[in-house]
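Asks: Handing you this structure, nothing more for now.
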Amino acid sequence: NSEVNARRISNVEQCFGSSGQSLVIPGRVLVGEGVLTKICRKKPKPRQFFLFNDALVYGNIIIHKKKYNKQHILALENVKLENVNDEGNLRNGWKIISPSKSFVVYAATATEKKEWMAHIRKCVNDLLARSIQQCTTNDSPVWVPDSEAKTCMHCRKSEFTVVNRRHHCRQCGIVACNACTSKRWLLPQQSSKPIRVCLTCYQKLTHEAATNSSTKKYTVIATGSNRDSSGEDSSDDDDDEQARDGMPSRDQAGELSIHDAHFQSYN
């Protein structure tokens, strides 16, 4: 609650501008910040992350240390971390799992990965120790990147083209064709409207709802339908569109260069 901490949080707010939410909350402390590579549906992209004692905030980099947009805020009470094994050029990664959004990030070095994970877990444990609320188990899935699916992962037949677009199931995260993700289901932890799910998940969710309703003697009203756009964002990945100014460079092989990434701790 020092003046220095207040100035740091105010500076982060200013970097996000009017498009971001207010970050000033009584008792909130900025623990640290740094650049991590986030695995998005099309390719890895650099994102600026801010770790607070109660939330993890990240956004697109427009001008490093000066301007960010597309702010995302994850409450730490329900955040879980899972290690990701090194594979090829993708090293020092881990999963950030939460009810609203889950994804994989990579740090520049093994030391930075260790620092990030230790600081996040410390903040989560401190929050849980003070909280009387139960943690949710309805975590959002980590989406399978588009590049890992040449054909539909549900029917195993439909090949993706410019016309036959890829879609993601919001329940399990697979990449599937439009026909195999034509159903919608209300997943309150992710959206206030019914969103796209694959046929297998739709059947499971319908069965679970029917079982629960039968137990409680309620009438089941499924929220899934064949509507084309209800409850779905115009983009399957909210990080797809981004400004290019101030972004870290890519090497000749097209891999993201993140040697400038650094976790700056304020402890």
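Residue positions begin at 1 at the first shown residue.
Each residue, glycine too, has its Cβ placed from N, Cα and C.
TrEMBL feature annotations, pasted as is:
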- 29-125: domain 'PH' (DOMAIN)
- 146-206: domain 'FYVE-type' (DOMAIN)
- 222-267: region 'Disordered' (REGION)
- 231-242: compositional bias 'Acidic residues' (COMPBIAS)
- 257-267: compositional bias 'Basic and acidic residues' (COMPBIAS)
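Could you tell me the structural context for the features on the list?
Replies: Within the model, the domain 'PH' (29-125) shows a mean pLDDT value of 94, rounded to a whole number.
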Asks: Residue counts in helix (H, G, I), strand (E, B) and coil for the domain 'PH' (29-125), per DSSP?
Replies: 19 helix, 54 strand, 24 coil
